[in-house]
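Q: The following feature annotations were taken from TrEMBL:
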- 27-268: domain 'Rhodopsin' (DOMAIN)
- 12-31: transmembrane segment (TRANSMEM)
- 43-69: transmembrane segment (TRANSMEM)
- 99-121: transmembrane segment (TRANSMEM)
- 133-154: transmembrane segment (TRANSMEM)
- 166-188: transmembrane segment (TRANSMEM)
- 200-226: transmembrane segment (TRANSMEM)
- 238-259: transmembrane segment (TRANSMEM)
Amino acid sequence: MLLNLHPHNVIAVGVILPTLASIAVGLRFYARHRIRVALREDDWTMLASILLVWGLGITNIAGAALGALGAHSKPAELDAPHDNTITRTRADIIVEEIVLGYSIVEKITFGVIKISVLMAYRRIFRGKIFNMASLGMIILCTLLALAFLITSAFQCHVRNWKISWSGYAISDVITDLILLFFPVPLVWKLQLTLSKKISVLLVFLLGSLSTAVGITRMVTILYFTYGTSDGYRDLLDTIATALIWSLVEASVAIIASCLPSIRPLIHRSSTSYHKSKPSGSSVQVSRPRASLLPAKPALVEFDDIDDRQHLASRLEEGKWSQQ
């Protein structure tokens, strides 16, 4: 399950993934501007998360440039069989420093992303029970991030990462699954046809892409933490693999959470293209002025939902109901 990484692979991932995530966030802000929707807490926390993801990417790049990430360690050999000491190379020492800093930034990054997703839910849905549940999840995600951040900051040695890394990987997947299915009961109660409910749910279930990566990262960490022997593990490649999967998960989470916000932009661009596409006939028919025509109700997009109107009524007015 090792990725058999090399320095150029680590550098490429450290540049490409944060760049793609940055493009997604940029399009999200542009879409907000185009459809004249005010920026709110979920947007600003997502902006903060992209800065943190770049921190993870730069750490990967620095580790590869220093010859630590993308390198490979030989089976550990004991210097003296009687005192059980293990030879530590320069790459091992660099990796320990990288893991310490990376672990701290990682916990903050995932915490901010989850909080941003929950704030986006609170932007759309209303209800006393939902508000309490979503606030409780925000508090839980914050406490988990702080707890594992403190644990990571005070771990003394990279070989003591077993409990903190595996524990965080498991809790990360559990919270991801909760967030993934959080809006399902609310959408299912809407007065919509089954096909419309499914189309709405698919928008929210885009986060399953990030959850799938998180499960892969969890399995990888658990396998190399408890499934192989310390003495014959390629520790450098193991750590590099875990760090890469962490960066992939964070980047995919940002992209997936921004896609619903970008959706109106894509729809409007597609509509403009079809309107501007010339017809095959050269005959032109004069049309009355637009001002003389009866007003047509505007289509309401995903991000046009404001604080005063219920999602169900807006969906009935909007594009999801135009089938």
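Note: Cβ is positioned from N, Cα and C throughout, glycine not excepted.
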Q: What residues elsewhere in the chain lie close to the transmembrane segment (43-69), defined as a C-beta under 8 angstroms and at least 6 residues from its ends?
A: 5, 7-8, 10-11, 13-15, 17-18, 21-22, 25, 28-29, 32, 90-91, 94-95, 98, 101-102, 105-106, 108-109, 112-113, 115-116, 119, 236, 239-240, 243-244, 246-247, 250-251, 254, 257-258
Q: Which sequence positions outside the transmembrane segment (99-121), separated from its termini by at least 6 residues, show Cβ-Cβ distances below 8 Å to it?
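A: Residues 40-42, 45-46, 48-49, 52-53, 55-56, 59, 134, 137-138, 141-142, 144-146, 148-149, 152-153, 155, 158, 161, 164-165, 168, 172, 175-176, 179, 182-183, 207, 239, 243, 246, 249-250, 253-254, 257, 260 contact the transmembrane segment (99-121) from elsewhere in the chain.
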Q: Which stretch, 133-154, 166-188, 200-226, 238-259, tops the Cβ pairs under 8 Å count with the transmembrane segment (12-31)?
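A: Out of the listed stretches, 238-259 contacts the transmembrane segment (12-31) most.
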Q: Could you pull the average pLDDT for the domain 'Rhodopsin' (27-268)?
A: 83
